[in-house]
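Noted in TrEMBL for the protein shown:
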TRANSMEM  71-92  transmembrane segment
TRANSMEM  98-119  transmembrane segment
TRANSMEM  131-156  transmembrane segment
TRANSMEM  168-189  transmembrane segment
TRANSMEM  196-218  transmembrane segment
TRANSMEM  238-258  transmembrane segment
TRANSMEM  278-296  transmembrane segment
TRANSMEM  329-349  transmembrane segment
TRANSMEM  370-388  transmembrane segment
TRANSMEM  394-419  transmembrane segment
TRANSMEM  449-469  transmembrane segment
TRANSMEM  481-503  transmembrane segment
Amino acid sequence: MSRIIKALQIKGSEPKEGVSTADTFLRNDDLLPVDPERRSWGTWSFVAFWVSDGLNLNTFMIASTAVSLGISWWAAWLAIIFGYTAVSFLIVTTARIAAVYHISFPILARSTFGVWGAIWPTINRSVMACIWYGVQSWIGGQCVTLVLQCLAPGYINMRNTLPASAGIETYEFVSFFLFSLISLPIVYLKPEKVRYFFHVKSVVVPIAAIAFFAWSIADAKGLGPIVHQKATISGGKYGWAFVSTVMSCISNMATLIVNIPDVARMAKSKKSVTWSQFISIPATFSITSFFGIIIASSSNVTYGELIWNPVLLLGQRLKVDPYNSANRAGVFFIALAFIIGQIGVNVAANSLSAGHDLAALAPRFISIRRGSFVAAAVGFAMCPWHLLESSNSFATYLSAYSLFLSSISGTMLCDYYIVRRGLLHVPSLYTSDSQGVYRYLGGFNLRAFAAYIAGIAMSVTGFAGVLGANVSTAAEHIYTLAYPIGFLTSALVYLALCTLWPVKGGVDVRTASRKEFHEPESWEDDGWFPEAQAQAQTEAQAHHAGKTKLVA
């Protein structure tokens, strides 16, 4: 048994002389700050990343859903622009931390929640990543079905050998399996190497999206019939539908807002993550959403019904005329590009983050690469089609998780920018020593957990309404605003608690100048770990001497 355990251990994670068993749990090579020679992501790498991530079927669906709520196409688009502009601000402020210290989300969470307390937000994020990996793979499998149907129209008539309890037919499972299989080589790539795939995707998918957009307009006999469709609701319902669309954009990105450090840690400098993301996020998602809105609206003109799912809309073209060679060629190339797009978004948003999270949960046995494969396996095994059988239950699950993640994000950003003023002591992120800056109370920062719970509690009543309880309209509206309410509440509660009970390593908020900010240009590895462990602990105690009121 000991041989098996030793064989499964990550190289370099073995206990070292002078390092406690607890500290061994807190690190492996993948969890340490990225070495300078591996910081290969520049401005254009992040632009390509967001072009790659934004051009995906989920973005099309969010835009289409906005139209289905009954508001006009231009109001839906305006709401989406507002939503993703807010997202870009949150992404950049979080990414900046990783671009300075070159650490991933699970390690950054230790500075706020404690070296052991960070396990909880890490579990939150890893579960979400595995679930989303399965869902995005299922959507990718639907694209595989379209590609194979174009090559062999009888593919969807394959004899079904699965029982009714399976919930899908044989051809759907084959497509799902094939998509999951062809994704694995990209999942295998190291984080610093996968950027080349994003560069390819950022060229291929936009071409397909433009082609789909132009094709939809042509089928509808021009833009006129599409843009002249009127809203079907008015008054307060219209206003809340607009707000709901803005919130959907933010909630859709809640996972990436939290785990963007997993990518940003590879940045060459903090300049690489600033304007590249401020501009590319709202631009990419707004353009993609505009395409999605027009494409969905065109279906109402062309087929007499609103088909909000772009995959189903492509399939409708094959259904109407399955043997038209031009139709089949068009659907084939667009669906093939969308397969590339789905692989890209799955790696960017799910497998990479799951890899970092799981590596932090079991660093002796799981590397980023192994963690990514675990996410792929869980995503496949969870049978995501069952989760999608009821759109209401899936939407409820996602909205609840965005609420949890908003409280994590609000607490972390408040801790870094206001309480610590941009200064982290990196060695203390990897030690459980009682003198470590982030040891707190037994490794848990109770202030952070109190703020986290407070952020969630604000929208609990509205969440009960989503589950079927009879609640007031006000509670429903509060739940619509769950993300900003959770974010702001958690941040304010954390700030109040740190004002009353200052944290070790932070400024005294009551007396600190508003202009006081201690963030370095970049943090470098000076060979402190593990040989200089004792010195690191000494530095941890003296790090903010004269600046910080320590917690008794």
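Keep in mind that glycine also has a Cβ here, set from the backbone N, Cα and C atoms.
Curation does not apply to TrEMBL; its annotations are automatic.
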Is the transmembrane segment (196-218) packed against any residues at least 6 beyond its ends, judged by a Cβ distance under 8 Å, and which are they? 45, 47-49, 51-52, 55-56, 186, 189, 226, 288, 291, 294-295, 298-299, 302, 310, 313-314, 330, 333-334, 336-338, 340-341, 343-344, 347-348
Going through 131-156, 168-189, 238-258, 278-296 one by one, which has the most CB pairs that fall under 8 Å from the transmembrane segment (370-388)? 131-156
Should anything in the same chain at least six residues away from the transmembrane segment (98-119) have a Cβ under 8 Å from its Cβ atoms, list it; otherwise answer none. 26, 31, 33-34, 39, 125, 258-267, 269-270, 272-273, 353, 356-357, 359-361, 408, 411-412, 415-416, 420, 422, 424, 426, 429-432, 436-445, 448-449, 505, 519-523
Best-packed against the transmembrane segment (329-349), counting Cβ pairs under 8 Å over 71-92, 131-156, 168-189, 238-258, 481-503, is stretch 131-156
What residues in the same chain, six or more past the boundaries of the transmembrane segment (481-503), come closer than 8 Å to it by Cβ-Cβ distance? 243, 247, 250-251, 254, 399, 402-403, 406-411, 413-415, 418-420, 440, 445, 447-448, 450-452, 454-456, 458-459, 462-463, 509-510, 548-551
Short question: which residues 6 or more past the ends of the transmembrane segment (278-296) have a Cβ under 8 Å from it? 46-47, 50-51, 53-56, 59-64, 66-68, 73, 76-77, 80-81, 84-85, 87-89, 91-92, 209-210, 212-213, 216-217, 223, 226, 249, 306-308, 310, 313
